[in-house]
């Protein structure tokens with residue numbers, strides 16, 4: 001039945017949901033890559049759709065910006081609608097010079113300055129990691145598509161406009177962080193808490209060092225390699 005944030009019924013969502021932050025990107029994914037699409041959520045404009053990809057039922061829905069927003073939607077999808085796998089498909093900023101604009105980054109783990117996972121884990125550090133099988137399938141899908149995806153740690157920040165002055169970016173670069181975004185650590189924590197599986201795949205939308213960036217329109221429509229990797233990885237997962 002419907003929740004406070006999702007006006008769908010059990011069965012409206014597939015067991016796998018792709019989740020961009022932007023609901024308009026969710027609409028673009030559904031209209032571009034899925035067949036037999038129907039809208040399954042529109043509460044607060046957070047659009048959700050279900051359709052098929054090469055005959056496989058798949059859903060896509062926005063999760064908003066930041067860990068609090070994405071945690072609400074992922075929790076409800078898992079506990080109220082039977083979703084088993086979440087794949088975040090979003091954008092990230094690069095801090096390393098060897099990571100380039102539009103590179104695809106697969107988030108094997110997610111560091112964070114948020115305290116949400118410590119709240120879940122009785123004030124202990126929680127290793128927020130993606131499901132290994134989903135990582136492997138995404139890597140294999142990327143190779144099959146000829147995409148040189150990067151795999152490693154990303155950083156989920158609570159603040160988009162940080163007062164830090166850039167010092168933390170130096171630390172991230174030293175520790176090999178591939179990209180900075182705002183949701184993965186929270187999604188991995190929710191998945192662990194409620195027995196689901198999760199993965200984050202990002203496209204580098206801007207570079208913190210060089211100040212290169214993609215436009216909002218590009219972020220909505222041109223990150224197709226990332227979406228193809230996510231969709232093909234679902235099909236690979238079905239063969240396991």
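Please read every residue number as a count from 1 along the shown chain.
Placed from the backbone N, Cα and C atoms, the Cβ positions cover glycine too.
Per Swiss-Prot, the features are:
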BINDING   5, 181, 182, 183, 205, 206  purine D-ribonucleoside binding site
BINDING   21, 25, 44, 88, 89, 90, 91  phosphate binding site
ACT_SITE  206  active site, proton donor
SITE      219  site 'Important for catalytic activity'
Phosphate site span - longest C-alpha distance across 21, 25, 44, 88, 89, 90, 91, in Å: 22
Largest inter-residue Cα distance among 5, 181, 182, 183, 205, 206 [record-listed purine D-ribonucleoside binders, Å]: 31
Cβ-Cβ neighbours of residue 219 (site 'Important for catalytic activity') (radius 10 Å): 20
From 5, 182, 205, 206, 219: recorded positions whose CA lies within 10 A of residue 88 (phosphate binding site): none
Cα within 10 Å of residue 25 (phosphate binding site) - qualifying recorded positions among 181, 182, 205, 206, 219: 219
Cβ packing number for residue 89 (phosphate binding site), 10 Å threshold: 23
Cα-Cα distance linking residue 91 (phosphate binding site) and residue 205 (purine D-ribonucleoside binding site), given in Å to the nearest integer: 6
Count of other CB atoms lying within 10 Å of the CB belonging to residue 91 (phosphate binding site): 24
Cβ contacts of residue 182 (purine D-ribonucleoside binding site) (under 8 Å, same chain, 6 or more positions away): 21, 65, 66, 67, 156, 157, 158, 160
Recorded positions near residue 90 (phosphate binding site) (Cα-Cα within 10 Å), from 5, 183, 219: 183, 219
Lowest local Cβ density among 21, 90, which the record lists as binding-site residues, within 10 Å: 21
Residue 181 (purine D-ribonucleoside binding site) to residue 89 (phosphate binding site) - Cα separation in whole Å: 11
Neighbour tally for residue 25 (phosphate binding site), based on other Cβ positions within 10 Å of its Cβ: 23
C-beta crowding around residue 205 (purine D-ribonucleoside binding site), within 10 angstroms: 23
